[in-house]
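Pulled from TrEMBL, these are the features on record:
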TRANSMEM  26-45  transmembrane segment
TRANSMEM  57-76  transmembrane segment
TRANSMEM  88-115  transmembrane segment
DOMAIN    138-236  domain 'P-type ATPase A'
TRANSMEM  253-272  transmembrane segment
TRANSMEM  278-306  transmembrane segment
TRANSMEM  578-602  transmembrane segment
Amino acid sequence: MAIFGEADRVLAQVDAVLSAPVVNRAILMTTLLAILGHFSLRWSGLQGVWGFGAADLPLLVLFGIGGVPILAQLLLKFLRREMGADFLAAIAFVAGIWLGEYLAAALIILMLTGGQVLEAFAMRKASSALNALASRMPAVAHRKDEKGEITDIALDDVAIGDLIAVFPHETAPVDGTVVEGHGNMDESYLTGEPFVVAKVPGTAVLSGAINGDAVLVIRAEKQARDSRYARIMNVMRDAEQKRPRIRRLGDQIGAWFAPVALLFAMLVLYVTGDSTRFLAVLVVATPCPLLIAIPITVMSAISIAARRGIVIRDPTALERLPTCQTAIFDKTGTLTYGRPELTDILPGEGFVGEDVLRFAASLERYSRHPLAMAVMAAAKDRKIEAGDVASASEKPGQGLTGVVDGHNIAVTHRKKLLASDPENARFLPETSAGLECVVMVDGRYGATLRFRDTPRIDGKSFVDHLGPIHRFKKIMLVSGDRESEVTYLSQLLGIDQSLASQSPEQKVAIVRAETAAAPTLFMGDGINDAPALAVATVGIAFGKESAVTAQAAGVVIPEASLATVDELLHISIAMRRILLQSVIGGMVLSVLAMGFAAAGYISPVAGALLQEGIDIIAISNALRLALRHDIASDLGGAR
């Protein structure tokens, strides 16, 4: 068994060399030059040598350069029992040389290498996601010694208990706890929460979190290889390695068509004893619609998608998308806008809600907290003018304080009020789903302001659209956000199954389990979604915040529009429909031609011309997709 395993490894290495993009590009350029030389010499009237016409000489050189790799790949596929569309094309290539149809043989090389070059151009290596993940982490950590001196050390040299300085806008290198400094960190890439998190001594820090404007000193609690970000990288690496090999539609059809055509040709030879009929059957059976119509259709779909602002990183995603039956969504930034909005003002006794909002909005102009923008936007919408601010101060984790129009104002949170002022805390309303802040006016409870991460305006119509129009049978919401927010959104959008507080590892397990039951579509926008995007049947990266997420997905929608996702679904359906028309129609015509060739009505030369006609029909049909301008979203909601 070890011998067979080693043989398979060697064959795989040889195949990788022969099918390398640089080899295919070189053969493609040589083929184009040889065909150009063929027609130039044909029109020149020059005499040939060694019994060959002058026009055939460039093609003979081509066969030595481009034919050898093709024949080598043919042998490898035979040894590995892989008889796809290109296997039959390689046999037809040999048959073309045998018949003396050198131009036909050269065109087969053009079709083989052209399709591979097109596919290689559109594809990206799966490992780029890991490279993008790794590029976000610092190469060194700033260790602070007992004397207060800071020394740069390699990330792998960080030991548990080391004091590590994280400078403004740097990425935390390891998991730890803040021991010095007050500031904020953006952990949205890791947790899925769309808000900046305050950091004070005693609070935890996750590796991969982006520091704000302050210098923080943390005590390392894990080594770099065991930290949160490294775990996400490990999950991503595991997802990449375990992603099942997706066979292209052309290979799926060619897997049965190639051996059937070859067996039929051999049967004709056995029954009739006529090698001419045998060769004629092979020539008309050459699966050019598979080799040319499919890349043209896919590239047309990629072009249409690009015009709509959709980046197709993996062309096979377009083939698989119409087969997906389960849609799984992240919450923040996907089905929501990723920005909170003020929804309720609950004033205390003796206060008017808009007056309290004016006090809060006046102070929030001096804050960088995400809720500050929501408070100021709410005041602007209500045409509330800001008051005079005499002083303002903000301490992370403590809140915002200042003097507005002579009143002492404090914008804080429920937990701090409960701990520091139980007397006023009794006026607080009951807790509810979503976010909130508490406003104190001159030491009295002024109001509670409540916020929500606003659902996308077309979210409900999009979710309702998936079943009847796109034939999804199951829709899930899987988020790292808190349960109250996830439950609220799932009920609002009509999603039956939702899971909250999910880590990247848990998301991968969920997506992998669902994919085992039925093809899945997963949409997400954060680094914490990257592993799940990689293991889904089709992964769609939403928004343009994270290069890591984009690298892990097969499709990227930078402008984060659900209507654009709907357009993508319609494009994939149209592509698959036209693709199947081209392929199946071409195959049917080829089968009919094979019958006539077997009966002796079609010679090999006529068969080659007939096959070219079939190719033109299939390719013309494939080009219809590129000319379509009626593919659009039919959602009821707005973009």
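Positions of Cβ are set from backbone N, Cα and C atoms, glycine also.
Automatic prediction, not curation, is the source of TrEMBL annotations.
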Recorded stretches the transmembrane segment (88-115) and the transmembrane segment (578-602) touching, at least 3 CB pairs under 8 Å: no
Contact yes or no, the transmembrane segment (253-272) and the transmembrane segment (578-602), 3+ Cβ pairs under 8 Å, gap 6+: yes
Rounded mean pLDDT for the residues that make up the domain 'P-type ATPase A' (138-236): 84
Helix-strand-coil residue split for the domain 'P-type ATPase A' (138-236), DSSP-based: 19 helix, 37 strand, 43 coil
Beyond the flanks of the transmembrane segment (26-45) by 6 or more, those residues with Cβ under 8 Å of it: 53-59, 61-62, 65-66, 69, 102-103, 106-107, 109-110, 113-114, 117
